[in-house]
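Working notes, structure below.
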Amino acid sequence: MTENYQDDTLRIFSLNANRPLAEKIAASVGTELGKSTVRQFSDGEIQINIEESIRGDHVYIIQATNAPVNDHLMELLILIDALKRASAKTVNVILPYYGYARQDRTAKPREPITAKLVANMLVEAGATRLLTLDLHTVQVQGFFDIPVDNLFTMPLFAHYYRQQALVGEEIVIVSPKNSGVQRARSLSEYLDATLAIVDHEEIDGVRQEGYVIGNVAGKKCILVDDILNTGQTLATAAEVLMKNGAQEVYACASHGLLSEGAKATLENAPIKEISITDSVYTTADRQPATLNIISCAELMGEALLRIHENKPMSPLFRLEPKGE
């Protein structure tokens with residue numbers, strides 16, 4: 001934590017999506033959140049008022065775009081516009097979770113690429129830089145015409161699992177789907193562990209029971225994904241691993257959306273512990289009993305300071321948390 005950061009031109013504002021994380025980030029930087037109010041009229045319109053001068057300042061907005069996605073996105077766009085009109089020197093968006101990132105290509109004919117549309121909206125509103133965490137696909141960075149820094153969560157999870165002695169050849173890092181192999185490989189390298197994949201075949205459009213590519217018999221397995229929404233992907237993969245002789249199953253995901261029904265799905269799954277970051281705020285009633293939350297605040301706070309002080313970001317891509 002930096003105490004009383006000595007630069008009055010650095011200003012941090014938070015909207016409604018994840019104020020607890022914003023407060024932690026501000027504390028790690030050594031400053032307080034700026035004062036603003038967000039109102040919603042009876043017809044759903046959003047109004048934002050900045051309650052202090054930010055003229056000539058470098059402003060950082062902390063806002064995830066999780067559910068309600070469209071409300072949180074509109075809050076962000078409106079505040080960007082307000083800051084620009086109030087003569088902020090730069091408007092830097094800290095987006096711990098990028099909603100719509102999964103719509104990054106046309107999977108079917110006549111589908112939109114909404115991740116690109118959102119990028120256009122943020123830039124057009126007046127954002128001058130974006131800092132985000134574990135994009136669904138790193139190619140989304142290319143949708144922007146402004147600098148984008150995409151931090152990774154695997155070093156955070158690796159640090160935690162090292163503390164739990166979940167390292168070495170007896171540990172298998174498992175991707176629950178083909179598209180997540182790169183993320184799983186990254187964690188396996190941090191933990192000196194082996195790699196496996198849970199795959200599924202489709203016959204006549206019907207998804208078949210999953211099978212394992214790799215050896216998990218008698219091993220402790222860690223499932224890795226970026227987004228934990230309904231929990232079904234991890235739950236199904238955990239069942240496949242146990243059927244194939246896994247000793248224990250753990251899971252981690254960068255963003256814990258935990259939509260309705262996820263708690264029951266995960267508590268009924270053969271998963272000993274599920275780790276997520278606090279990139280998305282979730283209420284206690286949606287958190288399964290097996291949940292473990294690892295804060296990304298220090299990582300994002302350090303990135304914010306490096307941006308503000310024009311320091312390189314590269315050391316953060318293999319961050320070793322303090323106390324390692």
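Even glycines carry a Cβ here, placed using N, Cα and C.
Quick look at what Swiss-Prot lists:
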- Asp43, Gly44, Glu45, Arg102, Gln103: ATP binding site (BINDING)
- His136: Mg(2+) binding site (BINDING)
- Asp225, Asn229, Thr230, Gly231, Gln232, Thr233: D-ribose 5-phosphate binding site (BINDING)
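Geometry remark: Asp225 (D-ribose 5-phosphate binding site) versus His136 (Mg(2+) binding site), CA distance 10 Å. Secondary structure from DSSP puts Gln232 (D-ribose 5-phosphate binding site) in a helix. Most other Cβ atoms within 10 A: among the binding-site residues Asp43, Glu45, Asp225, that distinction falls to Asp225.
Around Thr233 (D-ribose 5-phosphate binding site), the C-beta neighbours below 8 angstroms that are at least 6 residues distant in the chain are Pro176, Lys177, Asp225. A sphere of 10 angstroms centred on the C-beta of Asn229 (D-ribose 5-phosphate binding site) encloses 19 other C-beta atoms. Nearest by CA distance to Thr230 (D-ribose 5-phosphate binding site), out of the binding-site residues Asp43, Gly44, Glu45, Arg102, Gln103, is Arg102. Residues Asp225, Asn229, Thr230, Gly231, Gln232, Thr233 make up the record's D-ribose 5-phosphate site, and a Cβ search at 8 Å around their centroid adds Ile227, Leu228, Leu234, Ala235, Ala262, Thr265 from the same chain. Per Cα geometry, His136 is the residue among the binding-site residues His136, Asn229, Gly231, Gln232 nearest to Arg102 (ATP binding site). With respect to Cβ neighbours within 10 Å, the binding-site residues Arg102, His136 differ, and Arg102 shows the lowest count.
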